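Structure record follows, encoded as structure tokens.
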Amino acid sequence: MALPDDKELESILGDGVDLTTFKQILEMDEPGDNEFSTSIVFGFFEQAEETFERMDVALDEKDLEKLSELGHFLKGSSATLGLIKVRDGCEKIQRYGKQENLDGSPEPDADVCLARVKEALMAVKSDYEEVEIGLKKFYDKDDEDEDGA
Amino acid sequence: MAEQIPSKIWVMRPKASATQIRIRPGDLVDDVRDEILRKYGNSLGKTFDSPDLTLRIQASEETQNKQRTRTLGPEEDIIKTLNAYYPSGQTVKEALVIEIPRNSTTPKPSPRAPAPYSGSASATYYAEDGRPSETSEGYFPTVTGNTSSPRLAMAVPTQSSGSIPHSMTVISSGQLPPIPSPGGTRRHYRSRHSHSRTHSSSSEHIVSHSSSLPKSPGHEITSSARMGTPPPQRLSSPRLPSSRPNKKGKRSQQQQQQDYHHTPTPSILTATVPPINVLIVEDNPINLKLLEAFVKRLKVRWDTAMNGSDAVKKWRHGGFHLVLMDIQLPGMNGLEATREIRRLERLNNIGVSTAPDGIPETTPTEELTEQDRLRDIDKFKSPVIIVALTASSLQSDRHEALASGCNDFLTKPVNFVWLERKVMEWGCMQALIDFEGWRMWKELSAKAESIAAANKRALAFKNKTKKNRPIMSAS
């Protein structure tokens, strides 16, 4: 399938995806299929959902360190895919988990941090769902294109 | 309010997270832009001049009578403006939005470019030493007198201008600055160019290894490694050319910014990358998979490690030319792993005939223990090149990476064009150091390739002729 143009991509994927970065991954596909990018993207879905679950557990256990670590972990892959909103949300969790404010200054109150993580986690989950829908739509559409062709 | 003491204000790139920069009472928007270029020394500072930037302010709910959002003029007093908009103080959500010129290929003055009139009140503050200068390359050299305001430099073009050196990467990125440079800066461009590396708009090289080869022709190695880098060619993938250019439609600023580095240099996924052996160290399986797929396309050999100690272990087997090292890793992190590798290299005298005299060496006291001895010492021709993959674009993090013994770095998410350049540049260098090994490998692979090609051809023309002609052109 040919790469859809940016406008089309943007309308499908929404503003939570940085097209330049995401297209890098599409360009790794062999001409004619997007097996590779599909495996990356759906692998990410799996990883994200798993990480969110682990974040929920860590939140229950008030384990800020773990939360920070998980935030960093998911930040890495979301950044790689260009999922900028998810990336930013993860960065927040990483920071709050480290008991820092967003500008890097220390925040000694652990309860404040936990509350912030909780809030950020909720936001990042909904940002994630949004891009998940967009990406799934994108790959569904491709299948249709191929069927039609 | 904070009229007397220096204070901080929030700024952000579109869709990015906000950050604080320091301002002083009386600072104008123009000064704020200068400060922003310092803070974003990498992503903006290398590409833009401060007059290129515009700042957008968003009115909070309580000040409905004003325009909801507007662009700040360069002559506005930043503290007064912010106080007017946010009487109770600016919050992170109200960060000023930094905008860069939308169409960077058309050199036309931004409509909001500052008028070239004198604003001497703001001109000298750089001479004060109150601000940290994180940028090692000296985007803002300590200039005394009044050349530090870009506005002034434009007004007085005959002055030797030390104020816009950061725009010079424009040359390497092939883009014209959106605002005509003042006369007299061209010469400056040239001289600055010598230490802005053509091939790495993304980051700076610290070629510690080549500079530490005084006896072997270190300089030649570096320069020929660079000369060996062919000019960008077209990507082999057929759909790219159509997907890359002509995308000047609606895009977010951020994407444009990334394109800025991305588009002018089409990728070069050809077989020109030397046959080096790369160790990829990355803890996130998704990222690892992508990097693997990428180096696979470069046709280099590779191996992977998912944490620092694993990386050291694999490195100890020998034979690696290049390590792509993620910094934040579970357990032993990338910096610790790098330090460990460098320690072992030192103890085992790897590359010692070309002794590091640039690096202050003060610990010859440490004895080589059996535990630290590298088994296949023949496989370690020279110190391995370590390219750090950092998630943050903070200059301080990069310095830390370099201080730990990394040779270079890339910011994540890794741009594949840059990554390829790094593999190419450092790979060429390593191939030259291990020239014999490289030549043998090359001959072998050429032979293998020509056999493979010949077989293929034989197969394709099976019906016509059985003659198996070796293809000599395969290089």
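Placement of Cβ uses the backbone N, Cα and C atoms for every residue, glycine included.
The feature region 'Disordered' is assigned by TrEMBL to B:102-268. For B:157-175, the entry in TrEMBL reads compositional bias 'Polar residues'. The compositional bias 'Basic residues' annotation in TrEMBL covers B:185-198. Here TrEMBL flags B:199-212, B:234-244 as compositional bias 'Low complexity'. Positions annotated as domain 'Response regulatory' by TrEMBL: B:277-427. Annotation source TrEMBL lists 4-aspartylphosphate at B:ASP326.
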Cβ neighbours of B:ASP326 (4-aspartylphosphate) where a neighbour is any other Cβ within 10 Å: 27
Assigned element (helix, strand, coil) containing the residue listed as '4-aspartylphosphate', judged by DSSP: strand
Segment-level pLDDT (mean, integer) for the domain 'Response regulatory' (B:277-427): 86
